[in-house]
Amino acid sequence: QQESKLELFGFDSLVNILGLKSMTGEHVAQPSSPRDGEDISITAGLPRPAAPKLGTLMGVFIPCIQSILGIIYYIRFSWIVGMAGIGETLLLVSLCGTCTFLTSISLSAIATNGAMKGGGPYYLIGRALGPEVGVSIGLCFFLGNAVAGALYVLGAVETFLKAVPSAGIFRETITSINGTAIAQPIQSPSSHDLQIYGIVVTILLCFIVFGGVKMINRVAPAFLIPVLFSVVCIFLGILLARKDHPQDATEFQSLLLYDSAHFLSILMGEFVPFVHCVVVSLQSTFQFLIYSLVISFFISNVGIFTFTDLIHSISPLFALFNPEGITGLSSETFRDNWSSDYQKTNDAGIPESDGSVTWNFNSLVGLFFPAVTGIMAGSNRSSSLKDTQRSIPVGTLAATLSTTTLYLVSLMLFGSVATREKLLTDRLLTATIAWPFPSLIKIGIILSTMGAALQSLTGAPRLLAAIANDDILPILNYFKVADGSEPHVATLFTAFLCVGCVIIGNLDLITPTVTMFFLLCYTGVNLSCFLLDLLDAPSWRPRWKFHHWSLSLVGALLCIVIMFLISWSFTVVSLALASLIYKYVSIKGKAGDWGDGFKSAYFQLALRSLRSLGASQVHPKNWYPIPLIFCRPWGKLPENVPCHPKLADFANCMKKKGRGMSIFVSILDGDYHECAEDAKAACKQLSTYIDYKNCEGVAEIVVAPNMSEGFRGIIQTMGLGNLKPNIVVMRYPEIWRRENLTEIPATFVGIINDCIVANKAVVIVKGLDEWPNEYQRQYGTIDLYWIVRDGGLMLLLSQLLLTKASFENCKIQVYCIAEEDGDAEGLKTDVKKFLYDLRMQAEVFVITMKWDAQMDGGGGSPQDESLDAFASAQHRITDYLTQMKETSKREGTPLMADGKAVVVNEKQVEKFLYTTLKLNSTILRYSRMAAVVLVSLPPPPVSHPAYFYMEYMDLLLENVPRILIVRGYRRDVVTLFT
């Protein structure tokens, strides 16, 4: 092993820390996602160095352009302009463009906040909002991509059948009724043809996808050329279109030949005379040939004449061949098409007076929105980019702004170049007005839509495989793939979904579904950026600085508004689907911690709440029990059981409807440096046990030399501000007499004294083995022996017990212990009034007794078993005191107990024994059949040995099967006032 030069620091080298072990010849597989029990470093999961990467243009901008500019623009956009008018279409494009622009800003911020792995937006959302939200939105986004593939396939097939009507197996002629004088038959592809050809095209595309990403990347650039060429041809056709009205064939031929001859005369210096009469009878085919030769001659002799002369010569040709309804760029047409004209149509979108489909602005939003989707194409290729921090923001925003500008310009031109009837009836208006080759435009449309479909069928399986590889949902294990492998199973599943959507065959019914799934994803991206930006954790340092949480919030709200504008029913269904997936992942999913924004939000909310609580005393109306459950057993527990099973059940009884927090602590004896790993393992075991018992709480293990020092450290430091534990709960050491006569009493008394000094309430449980769980119903009474003022803690605990199913059938009885010469009736009246004001129902009893050592005192004669216990305790205390005196005389020291000097007043010891005897006798007389008894805890006498105090407590609890010994603290936990 190579000697380390940094041995002084005791760390691994930087190569090992940064996970770059490939530099040293070592290769370690990185975990796909964090799991419980795994230590994941902050650098785990960094992308491995790979082969040549793509830049901004080829890696982000072009894929986004290909995905955004698709079928909707070519065969639906002009129809939308005719239906909604220029004004509302302008509003529509602005609304959708703003939505995607804000989402692009949010995407840029998140994508530049660290390295990205596979999964695209799923990876971003999952790491920002948690695995549950990430998986639910990711699966919806997968469905959206699969359905979008069907959308593009249907668009390509419809365009093909429009271009080649003879290819249709079924023919369907639809009559257009638009209020015109003459109804014209309009040929529309049959839905059966769409289904048949769509299934065939989907299968062919799937075969290409099975060839792998390399094959797809080779043909992807070829799909962009027809798209750009078609856009140029559309704009040329619009600019060159001119309105004219030829009446017959003679005029048609004469005008064409005149213009051709004029064009030739310009080219050849007036060498060709104007001789119309010679060629008037020529066929139009020959005229096209002549005109083509003229244009070819012009192209080979550029610069002979001006561009103005060229336009002047060829413009009549466009006017002659302009179909009916093409007006050329006209301000009058612009004014006519400014307002909306919503009409009923059939399923193919052809206007009919009795059509089955009614259109409005909201439905057009759903139809058009898929035309602005595709902004995630760059982030989907993050692993193939040279610099994700630069390429994703620049490429995505450039593609978004470019396509939005294209839509805004196009809607103005479409609304100015054709009549409304033409816009509504010619679904391929872009090919009709394109110049010079309309047929090539149709081919370009087909190739672009098939390319988009290919991208969808390529991206969707990889998204599903990325979700499966994170190992959140076991049901998705079938779609897992190894690194570098093709997701064949996920591809088959995606093809199955795509074919199912193709069978529907109706493009206008599919697009709202795609819209909802994409909008859900965009909402998730915006919410992720909003949360991360608002929390502004130290790890939130995106390189893209042009972002703000308000923009992300507006983007998310805009996405939700658009969803409801399109269809509230589709929105409810999509949200319900996402919610069901979220719930399923929460229940069935494996636990994982990705450092998501919600965890950061919880942390900051806790800190802010803690600061707002301050250090002042909590008002009784807002007081919650925060029990510190002391799990350290006085004896031994079974192996792998870190806590008494019934302590968790009792902790749940101290909460109202599960609200509150419990802190389970245990102490590990030993040296911290030696036992640190054992403490971690014990803490994890205790946490697992708490979760198993369905108790909301946290586990803490403290390493200390002994139990007393460990507890003293816990009671001083546990908690923050007003969130410190206020009640210490522990089990009564019933085994102290047979296990250890000195250590357990001293430790037990020391813990109680520490709680009193720290002003913590104490609840000691005897009979914990018999404590009922939630399924064991108890009947009878809950008896309270209220001796000293405790701030109402005992009353509050009894009310909390009644909220549990195991004690809900019980009734509360309050026994007030009073002096013999006190006003018993007055005390009873006061207590009843007090309980009434506290909204507590309880029966009140007052018991008077003397607190001296006279055996015939009030309260009745002690029970026989109590007298036997009293005599035994007296005998044991006498023997212990005798041993103390002998030891003190032999060593020449004062009386010593528990390592300190003590002063024993034998009369006081006897009085204390008799007091506990009288209380025990009273409890046995009135509460022998009670479900549970609560009694005030006497504080340990300062000058008495711990052994004596244990004898007092044993005598007090003698023969009582289930009892809670409660001591409050110097604060009220209940209040009379509203």
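Count begins at 1; order follows the chain as displayed.
Glycine is no exception: its Cβ is also placed from the backbone N, Cα and C atoms.
Annotation source TrEMBL lists domain 'Amino acid permease/ SLC12A' at 281-604.
The domain 'SLC12A transporter C-terminal' annotation in TrEMBL covers 645-766 (among others).
Annotated domain 'SLC12A transporter C-terminal' per TrEMBL: 777-977 (among others), in sequence order.
Nonlocal intrachain contacts for the transmembrane segment (90-112), taken as residues 6+ away from its ends with a CB within less than 8 angstroms of a stretch CB, comprise 80, 84, 121, 124, 128, 361, 364-365, 368-369, 371-373, 375-376, 379, 382, 388-389, 392-393, 396-397, 400-401, 404, 407-408, 411, 522, 525-526, 528-530, 532-533, 542-544, 546-547, 551-552, 554-555, 558-559, 562. The transmembrane segment annotation in TrEMBL covers 90-112 (among others).
Sequence annotations record features per position, and here TrEMBL assigns transmembrane segment to 133-154 (among others).
As annotated by TrEMBL, transmembrane segment applies to 194-213 (among others).
Taken from TrEMBL, the feature transmembrane segment covers 220-241 (among others).
Marked as transmembrane segment by TrEMBL: 261-281 (among others).
The annotation transmembrane segment is assigned in TrEMBL to 288-308 (among others).
Residues annotated as transmembrane segment in TrEMBL: 361-379 (among others).
As annotated by TrEMBL, transmembrane segment applies to 391-413 (among others). Within its own chain, the transmembrane segment (391-413) is flanked in space by residues 54-57, 59-61, 64-65, 68-69, 73, 77, 81, 86, 89-90, 93-94, 97, 100-101, 104-105, 107-108, 111-112, 231, 234-235, 238, 329, 334, 371-372, 374-375, 378-379, 382, 385, 544, which lie at least six positions past its ends and keep a Cβ under 8 Å from the stretch.
Taken from TrEMBL, the feature transmembrane segment applies to 433-454 (among others).
Look at TrEMBL and you will find 489-507 (among others) tagged as transmembrane segment. Sequence-distant contacts of the transmembrane segment (489-507) (same chain, at least 6 residues past either end, Cβ-Cβ under 8 Å): 71, 76, 142-143, 145-147, 149-151, 153-155, 158, 191-192, 194-195, 198-199, 202-203, 206, 209-210, 347, 457, 460-462, 464-465, 468, 478-479, 481.
Annotated transmembrane segment per TrEMBL: 513-532 (among others), in sequence order.
Listed by sequence, the residues of this chain that lie at least six past the ends of the transmembrane segment (553-582) yet keep a Cβ under 8 A from its Cβ atoms are 95-96, 98-99, 102-103, 105-106, 132-133, 135-137, 139-140, 361-363, 365-366, 369, 512-513, 515-517, 519-520, 522-523, 526-527, 530. Taken from TrEMBL, the feature transmembrane segment applies to 553-582 (among others).
Between the transmembrane segment (513-532) and the stretches 220-241, 361-379, 433-454, Cβ pairs under 8 Å are most numerous for 361-379. Taking Cβ pairs closer than 8 Å, the transmembrane segment (133-154) reaches residues 70-71, 119, 121-123, 125-127, 194, 198, 201-202, 205, 370, 373, 449-450, 452-453, 456-457, 459-460, 463-464, 466-467, 470, 472-473, 494, 497-502, 504-505, 507, 510-511, 513-514, 516-518, 520-521, 524, 574, 577-579, 581-582, 585, 589, 594, 596, 598 in its own chain, all 6 or more past its ends. Across the domain 'SLC12A transporter C-terminal' (645-766), the DSSP tally of helix, strand and coil residues reads 63 helix, 29 strand, 30 coil. Looking just at the domain 'SLC12A transporter C-terminal' (645-766), the mean pLDDT is 85. For the transmembrane segment (361-379), the residues of the chain that approach it from at least six positions outside its boundaries are 59-61, 63-64, 66-70, 72-73, 76-77, 80, 83-84, 88, 92-93, 95-97, 99-100, 103-104, 107, 111, 116, 120-121, 124, 148, 151, 340, 385, 391-392, 395-396, 399-400, 403-404, 407, 452, 455, 459, 508, 511-512, 514-515, 518-519, 521, 562, 565-567, 570, judged by C-beta separation under 8 angstroms. Long-range contacts of the transmembrane segment (194-213) within the same chain, counting only residues at least 6 positions beyond its ends with a Cβ under 8 Å from a Cβ of the stretch, are 149-150, 153-154, 156-158, 160-161, 169, 219, 450, 453-454, 457-458, 461, 486, 488, 491-492, 495, 498-499, 502-503, 505.
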